[in-house]
Amino acid sequence: SKKLINSVESCVDEALEGLVIVNPGLRVLQGHRVVVRHDIEDVIKEGKVTLLCGGGSGHEPAHAGYIGSGMLSAAVAGAVFTSPPPSSILAALRTISKPGAAGSLIIVKNYTGDRLNFGLAAERAKADRLKVNMVVVGEDCALTSSDKTAGRRGLCGTVLIHKICGALAEEGKSLEEIHQVASNAAKNMGTIGVSLTPCSLPGAGPSFELKSDEMELGLGIHGEAGVKRTKLLSAKEVVKMMLDHMTNPQTSTHLDLKKGDRVACMINNLGGTSVLEISIIAKEAIQQLESRGVVVERAYSGSFMTSLEMAGVSITLLHLDETIKRCLDAGTTAPGWSVPLLPVGISTRETPGVMPYSQEDVVAKSTDAVQVPKETADMLYEMIKLSMERLIAAETELNTLDKESGDGDCGSTLARGAKAILQSLGSKDNPSLPVGVPANLALSLARIVEDSMGGSSGALYSLFLTSASQCLQSSVTPNDWVRALLNGNSTAMRYGRAEPGDRTMIDSLVAAGTTLSEKISSCTPVQALEASVKAAESAAQATASMKAKAGRASYVSAERLKSPDPGAVSVTYWMRAILEVLQKQG
């Protein structure tokens, strides 16, 4: 399997080194795969209980990522998915505790190797006159049999026990008190996982096989078999299946959960699941719990206890009381613990509603913008109508051109914007867009194409029109229209980073703007626009022989680009439509 490591033999040691290099408040214990708080001597002198956890590597950030004030004092790492040796565990205990000190609590996941090795080290530590106790966490809700087995596996809920014990230790509670609270919390907690892919140990292949359309419910964090395999389901269906199994009273390992119960919910990434998917699972889990009448007062989402690169997720539910909530809310410096963002002064999570937003009317307004006479407004109406009709008619042609250099949707994108504009235009006698106020009209068109077209085309045309509107605020002369075109071009070039010669819509727009600027002072507006449109059309045709330097076409081999750029061609369609309306007006 592919792994970014230097060697199989050194990967665990180098991972621990990387952790402490990034987090200098931690230290690696010489000669052992043990990470300890740098200020452990101060903690012991303060008379606080110290906390130790550990297990096989591959579950990061568990366990060393939870070392810090308010959580663990030290963690012991074994080889990947292998329990650490008693000698290293004992070395850790001797480092975080002294004879006559407040004592140390070992937090162990319920796996045979961990129980044996940590238990052996604990007994040796007691022989050294160290005060030690141990809590074993086994909150797996996957098992359905009541037969005697190795017991419920310890899963991601162990991290919540770290947090609870760490907060109590920071408060100065005794070893006996912390052990009692932790034991009770572990009994009032459940976890269920689902896997979409296997994981693979460094230097080895996949630990098991799952078909591309399969998923498995109830796997352990080492790839141990789950309770059933099913076809791949939607996130909503997966979460329902997980919650149903976790709370099924017919199974011996279920978690009692009823309406009105208050819980903490932890959504855990098993290692290879995208953040996008985890957020969807979190939404589904909390919403489905709330639909069952369960009050989710605390929620956590992220990678807390992984299984290397396994794609999957686990859900942990913990019944809450005031002590548990206080402990979960307490501060910690542990780098692996992520804190959800809550409103200032609020500690209890509630599903928020959406923030109110009043959608502004599509007709953007500038109160001091100049108005034009009725005949000019009517002409602008006709220009918009005909221009948009021409773009809609050219959809197939533009899509065909775009298949050569893009994804073949340029015509559809422009047609979508054109249809939205026509839908908002209204009738000539009662227009819905402010055709009588050109500055506001440009802003309105900018809003429409921004919302309806999407992609870079929508953004560029919106920038073009928004910038153009600034030149039409106080007067609307032929020279103002020229300045509007030039200003729009400049803005589109600045943000789009395309220039003339790059084989984009800018080639047509700049050719039109340059020609219009040159002709407007020596010709009639109609003659100037005629020359401008011809220049745009020539520039559009010239793009057929250009090497693309911007947009998607820049990623396409020049040998494949034999036709004009569709964006440049589209400019000529709406410009010629404007010219035709102006010519009719004489």
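A Cβ is built for glycine as well, from the same backbone N, Cα and C atoms used for every other residue.
Taken straight from TrEMBL:
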type     : residues                                   : note
DOMAIN   : 7-337                                      : domain 'DhaK'
BINDING  : GLY56, SER57, GLY58, HIS59, LYS109, ASP114 : substrate binding site
ACT_SITE : HIS222                                     : active site, tele-hemiaminal-histidine intermediate
DOMAIN   : 378-580                                    : domain 'DhaL'
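Features as recorded by TrEMBL, highlighted on the structure.
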{"residue": "GLY56", "record": "substrate binding site", "Cβ neighbours (10 Å)": "23"}
{"residue": "SER57", "record": "substrate binding site", "Cβ neighbours (10 Å)": "25"}
{"residue": "GLY58", "record": "substrate binding site", "Cβ neighbours (10 Å)": "26"}
{"residue": "HIS59", "record": "substrate binding site", "Cβ neighbours (10 Å)": "27"}
{"residue": "LYS109", "record": "substrate binding site", "Cβ neighbours (10 Å)": "31"}
{"residue": "ASP114", "record": "substrate binding site", "Cβ neighbours (10 Å)": "24"}
{"residue": "HIS222", "record": "active site, tele-hemiaminal-histidine intermediate", "Cβ neighbours (10 Å)": "20"}
ASP114 (substrate binding site) to the residue listed as 'active site, tele-hemiaminal-histidine intermediate', Cα to Cα, whole Å, comes out at 13
The rounded CA-CA distance in Å from the residue listed as 'active site, tele-hemiaminal-histidine intermediate' to HIS59 (substrate binding site) is 9
When pLDDT is averaged across the domain 'DhaL' (378-580), the result is 91
Same-chain shell around substrate excluding GLY56, SER57, GLY58, HIS59, LYS109, ASP114, C-beta within 8 angstroms of the CB centroid, reads GLY54, GLY55, ALA62, HIS63, ALA77, GLY78, VAL80, PHE81, THR82, SER83, ILE221, HIS222
